[in-house]
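Novice: If you scroll down you'll find the structure; I have some questions about it.
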């Protein structure tokens, strides 16, 4: 290793993982080598997201969001957003980096203006149950919010109007995602079901309309995450059943099951599959699980290509960005 070691932000591939051991780790995706570890004091990390310009990473934890600089080796957060009373479960960014959105167990989704020197949130959307997940529609104008009561809220940021749907009453919505083409929305819940809708509208003044497409009994245990691939042809679902399943969006049939179940009869569960992210070419997927590992898999064959070992406790979230800015 030479003395002019590059920073995480200079690497064309950013892979970061975090969870219950109060650290965020950065990895060389191809080699499995941990290149940097930053401490995240006082709290587990629930969600990670890289800013659109790849200069910083946001870590959402208990009562705060911390921003770490990817273009230096500074081990401390460069910005702290506080003033939230409970766990922050979800974080993401507007595509041009103007603002950040979060959701949390205080039943609020928030918008934070990243250009403001005032580190207070600018807008709040209140619901009646703790929020597990928030995702920004590709039109950058609607926030999709999933809560523990089983409701999915569509918050129109232009008009401040909102609509809601409840695919399964009193079953917590744990993850929502929209594919890059804005053709489909998926949501997974604690009974292991995955719901898919066709999307129409969402342009100009029109609020997005959701037309039920299918319900997949994806897992027999709690489903924790759903993600569409960048090319919109695949949907991944992660679960407490120790699997991540890959579904074809052409007919929502199962293509591949990625399992961390042990073949040893005496070995108990290796834990939950918490999070996943596809590579930019949709050929690979990284998973985070509570056996302290992240793994890189080949989507087509289900083969493990790399393991990322170093966390001392469960890995519950990751950020994977292999897009090269033009």
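Positions of Cβ are set from backbone N, Cα and C atoms, glycine also.
Features from Swiss-Prot:
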REPEAT    1-37  repeat 'WD 1'
REPEAT    40-80  repeat 'WD 2'
REPEAT    83-122  repeat 'WD 3'
REPEAT    126-165  repeat 'WD 4'
REPEAT    168-207  repeat 'WD 5'
REPEAT    218-257  repeat 'WD 6'
REPEAT    268-309  repeat 'WD 7'
Novice: Under a criterion of three or more Cβ pairs within a distance under 8 Å and sequence separation of at least 6, are the repeat 'WD 7' (268-309) and the repeat 'WD 1' (1-37) in contact?
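Specialist: Taking Cβ pairs at least 6 residues apart, the repeat 'WD 1' (1-37) and the repeat 'WD 7' (268-309) are in contact, with 3 or more under 8 Å.
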Novice: The repeat 'WD 1' (1-37) and the repeat 'WD 5' (168-207): do they have three or more Cβ pairs under 8 Å, with pairs 6 or more apart in sequence?
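Specialist: With fewer than 3 qualifying Cβ pairs, these stretches do not touch.
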